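What follows is a set of notes on a single structure, which appears directly below.
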Amino acid sequence: MARHRNVRGYNYDEDFEDDDLYGQSVEDDYCISPSTAAQFIYSRRDNPEEEYGYEDLKESSNSLLNHQLSEIDQARLYSCLDHMREVLGDAVPDDILTEAILKHKFDVQKALSVVLEQDGVQTLKEKSERAVCAGQPSKVISRSSQSESEIVPKVAKMTVSGKKQTMGFEVPGLPSEENGHNVRAPYKGPPGDDVSIASPNVPETGTPKSTAHPPSLQTSEELGCTPTPLRKSGKLRQQIDVKAGLEKRQGGKQLLNLVVIGHVDAGKSTLMGHMLYLLGNVNKRTMHKYEQESKKAGKASFAYAWVLDETGEERERGVTMDVGMTKFETTTKVVTLMDAPGHKDFIPNMITGAAQADVAVLVVDASRGEFEAGFETGGQTREHGLLVRSLGVTQLAVAVNKMDQVNWQQERFQEITGKLGHFLKQAGFKESDVAFIPTSGLSGENLTSRSQSSDLTKWYKGLCLLEQIDSFKPPQRSIDKPFRLCVSDVFKDQGSGFCVTGKIEAGYVQTGDRLLAMPPNETCTAKGITLHDEPVDWAAAGDHVSLTLVGMDIIKINVGCIFCGPKEPIKACTRFRARILIFNIEVPITKGFPVLLHYQTVSEPAVIKRLISVLNKSTGEVTKKKPKLLTKGQNALVELQTQRPVALELYKDFKELGRFMLRYGGSTVAAGVVTEIKE
């Protein structure tokens, strides 16, 4: 109750006797001390000389604005600056960009190359740090002039000795807000002062040369700061030796692109996953994790397949759906491995992988009934063999898998090789380019080393699978041809720009190169190149790379686009003529027949507009003009039309980019090569 009495007996009148001064600070009633004023209040009277110098600098700069560039040249300069800003961002100061543009007479490509060849951001940081260090002895410019400092050249160095001053400026190429002109001329100091220009390669337009200074006036060494010299680029981008660089980069090993194909459930992913594990590309900890997870999912035998089947849906269904890509090395080769899907629903993805391959491994199941199911009509073994041969693969290794389930029987192996060998010969493979190897993907027999099993060694004395891959001959790379890259994936990465992945079919690319995307007909710049998850400065034909691009909207790029050089672009068309080979089809092909065109990584609906002629298979001579229909096994010249433009190359110019496949109703009906581009 004592608290209640205190509240009831409280005298509130004492609280209302004070004046209401809560609207102002208590410190307003007291004078500021002289020491505080000297520390925090700026006095203009302390810097009369600097105020005079700045005003003269401003007047001199304004007086030179109207004597540098014409309005047309200013507009060209602003356009070039905007274009280079899109590529470089804010890392490079405008004065360096302006200097490069004017030095190369408004040629954006040359100016951009010069800026990128220099050490770039690191050198610029060093310059800015040294500029700040050199500016420390000078006094602070008044705050009232900071709002107008955008039109004043940046002070690179200032050394004072006696009454004379030695100043240097890096002239920025920023537009003036007052009259729309460009500050480009060297600064001419106040009357009576000796001025030296620190910016190199500045064109002189009606400005007298600076006078030389005696050594006694230079005191920059006393301040501990020296002017940053311009650094020369190591070697020109045009002088790169790609062939020598390839040998040096790969340690003398040759590049080989390998695709693994075969019927569904033949054991492709398990076979190659176990090989990668035996080669040391997959560590034991990761492999143990896959084994435990596969056991929990009730798929213990799929542990090695999970090395390549990374997505949850692929692991859940136990079927490869997309092309898995990885890298491993043999004694003489650097191999890019592509694990293609075997299910018939994912044949388009398999074509994408096969179109990027140099050689192939065909995996067949040796189990009773399984080989027959994949090899007979409707199986994917036949179709995959035809597809890879039609797409330019000439060397093939046939891995007869799951031989342990038939106790390594020589009779079963010979039965399979007899049937497959006859078919592959009809498909166009040479007997010398086809090798048959008995393997077991689950147990790892005869993969990386020759088998020690007595059941196998008593009748097989040949190579293991890894030795056969190492014996493949890599194709001749089209490094000297114009640059071509087929986009297989597009994604947004961290930072500016976006990324595209694909195989370089011809030529080479370097960071900073201008690229043209077809058929969107949009240009961009290669900001970065990644090869096997490692950043590189360049990449050449045969490499599977990821390019970081800037200067283009990601919406305009799709899977199937082709990047090329702006000077030697690829043609985009909707109508073209081609020579096609008809496969086993149930319905004859007639005029107006709808097909699905598979070309590299693109899949586009098309229509056969004209049947021009039937050709002889061996000689190519015309045997019949204007046929009404085409049946299986015929070789014909036709004209196709696509719904949207497709970037194509003639087969005679680019064999890698001149092949395509035609599918209808879930099956491959024809393979062809481009002979003429109409429009």
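Backbone N, Cα and C define each Cβ position, glycine as well.
Residues or ranges marked as domain 'tr-type G' in Swiss-Prot: 253-477.
Annotated phosphoserine per Swiss-Prot: S63 (among others), in sequence order.
Here Swiss-Prot flags S113 (among others) as phosphoserine, drawing on similarity to another entry. In the three-state DSSP scheme, S113 (phosphoserine) falls into the helix class. Here the Cβ of S113 (phosphoserine) has 20 other Cβ atoms within 10 Å, regardless of which shown protein chain they belong to.
As annotated by Swiss-Prot, phosphoserine applies to S145 (among others).
What Swiss-Prot lists as phosphoserine is S147 (among others).
Residues annotated as phosphothreonine in Swiss-Prot, with similarity to another entry given as evidence: T226.
In the three-state DSSP reading, K617 (N6-acetyllysine) counts as coil. Counting every protein chain shown, the number of other Cβ atoms lying within 10 Å of the Cβ of K617 (N6-acetyllysine) is 10. The annotation N6-acetyllysine is assigned in Swiss-Prot to K617.
Annotation comment: Swiss-Prot describes 262-269 as region 'G1', evidence class sequence analysis. Within the chain carrying the region 'G1' (262-269), a Cβ under 8 angstroms from the stretch's Cβ atoms is held by residues 304-305, 307-309, 319-320, 324, 339-344, 362-365, 370, 373-375, 379-381, 384, 401-402, 441-442, all 6 or more beyond its ends.
Tertiary neighbourhood of the region 'G2' (318-322): same-chain residues 264, 268-269, 299, 302, 305, 308-309, 311, 339-343, 346, 349, selected by CB-CB distance under 8 Å and a gap of 6+ residues from either end. Per Swiss-Prot, the feature region 'G2' maps to 318-322.
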If you measure between the CA atoms of S113 (phosphoserine) and K617 (N6-acetyllysine) and round to the nearest Å, you get 51
The predicted model's mean pLDDT over the region 'G2' (318-322) is 75
